[in-house]
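The following features are taken from Swiss-Prot:
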BINDING   Thr55, Cys56, Asn57, Arg58, Ser114, Glu119, Thr120, Gln121, Gln125  substrate binding site
ACT_SITE  Cys56  active site, nucleophile
SITE      His104  site 'Important for activity'
BINDING   Gly194, Ala195, Gly196, Glu197, Met198, Ile199  NADP(+) binding site
Amino acid sequence: MQLLTIGINHHTAPVALRERVAFPLEQIKPALVTFKNVFLGPQAPNAPEAAILSTCNRTELYCATDDRAARDAAIRWLSDYHRIPVDELAPHVYALPQSEAVRHAFRVASGLDSMVLGETQILGQMKDAVRTASEAGALGTYLNQLFQRTFAVAKEVRGTTEIGAQSVSMAAAAVRLAQRIFEKVSDQRVLFIGAGEMIELCATHFAAQGPRELVVANRTAERGQRLAERFNGRAMPLSDLPARMQEFDIIVSCTASTLPIIGLGAVERAVKARRHRPIFMVDLAVPRDIEPEVSKLKDVFLYTVDDLGAIVREGNASRQAAVAQAEAIIETRVQNFMQWLDTRSVVPVIRHMHTQADALRRLEVEKAQKMLARGDDPAAVLEALSQALTNKLIHGPTSALNRVNGADRDSLIELMRGFYQHAPRSNDQSGH
């Protein structure tokens, strides 16, 4: 079985492409079924394994397969599933086999590959991805072991390095940008659209600035109300957004919608109603919640996750010593995992050897039983049984020795000597 990771992320693709390749949560289980049955094939010698990790910053397919053409087939599957031409998608895709796939998984879970260096949210997202794959019946020995090791490595990295210390989060970056637009965030009305973890983080940071008003709009009213109450804010129905958008100076959106929920026309009307007072908008969703054309409006300052990346990277530069320490830990753990993987590669061979040897044993025992049944001398039967088993068991090695030449033969001879140098001694020879 070969490990392979196929994906795109914030390093390789802009948000405009990432949002087209993202998997909504409800699509992941059925996607895994097609990925296994159509791409990897139901007739594979070993059952294929797969998991899909889809976040704002990355979409990745982790798989274990016997298919030697897995790389190209995976890219084609991803292209077909999302109806994106291969020529458009392929330049942004990375394909990581074996140890590279292992190293990547360890780095992602440890926060080393995140836009926010050392952030912890990705670890929870990865655990959710593994849970979903398990529920879909898509995991097996190889990926289960990979992800168990991955989570252990992430815990070790975060527990022994300062990789997460003083990190500049996306939420903190959003506040910093708002402070560039408005002299005082405390004078502004802030609207949060959504009620997930990212919005909760943003609300925490903005609430610390003491805004004039804090409002949460969410599709599920009860969840939005709970979040608003935590920050002494108010909740409003998401359906009220078009009519009330002009009330807010700062709008932060991060929902799971597959289509934009804020269109150009609605923002144009809001700007006009505000008499061209500026609106600061942050779209942290992938796919995006706000139509990108909104950024062209004169009095609107629209930022996406990619735009916030520059501010985040400023904070990342100061923690390179922790990065080096984390990378060293990861490299050691990658080598450990590859040793385990190497031992797994011989398991099918050992299993086959046992099966073949047992088939020979049963065949010769059956012959011996027939000989005994017709009254043959038991000692002669045992001798015939042992001779037949000996001849059959050494037939494969002797045939191999006769077939090979040169250096290969010398190596095989040394190998065989090692196998048979500790031949058991008979009872008579041992003196018992």
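From the backbone N, Cα and C atoms, a Cβ is placed for every residue, glycine too.
When the Cα atoms are compared, Asn57 (substrate binding site) and Met198 (NADP(+) binding site) turn out to be 13 Å apart.
A sphere of 10 angstroms centred on the C-beta of Glu197 (NADP(+) binding site) encloses 12 other C-beta atoms.
Sitting within 8 Å of the Cβ centre of Thr55, Cys56, Asn57, Arg58, Ser114, Glu119, Thr120, Gln121, Gln125, and not among those site residues for substrate, are the Cβ atoms of Met115, Val116, Ile122. Annotated NADP(+) site Gly194, Ala195, Gly196, Glu197, Met198, Ile199; additional same-chain residues within 8 Å of its Cβ mean position, judged by their own Cβ, are Phe192, Glu200, Leu201, Cys202, Cys254, Thr255. Reported as a whole number, the C-alpha separation between Gln125 (substrate binding site) and Met198 (NADP(+) binding site) equals 12 Å. In sequence order, Ile122, Gln125, Val286 are the residues of the chain that are 6 or more apart from Thr55 (substrate binding site) and have a CB within less than 8 Å of its CB. Long-range neighbours of His104 (site 'Important for activity') (same chain, six or more residues apart, CB within less than 8 Å of its CB): Thr5, Leu96, Asp113. The CA atom of Glu197 (NADP(+) binding site) is located 12 Å away from the CA atom of Cys56 (active site, nucleophile). When the Cα of Gly194 (NADP(+) binding site) is compared against those of the recorded positions Cys56, Ser114, Thr120, the shortest separation belongs to Cys56. In the three-state DSSP scheme, Thr120 (substrate binding site) is classed as coil.
Spatially close to Ser114 (substrate binding site) yet at least six residues away along the chain are Asn57, Val108, Ile122, judged by Cβ distances under 8 angstroms.
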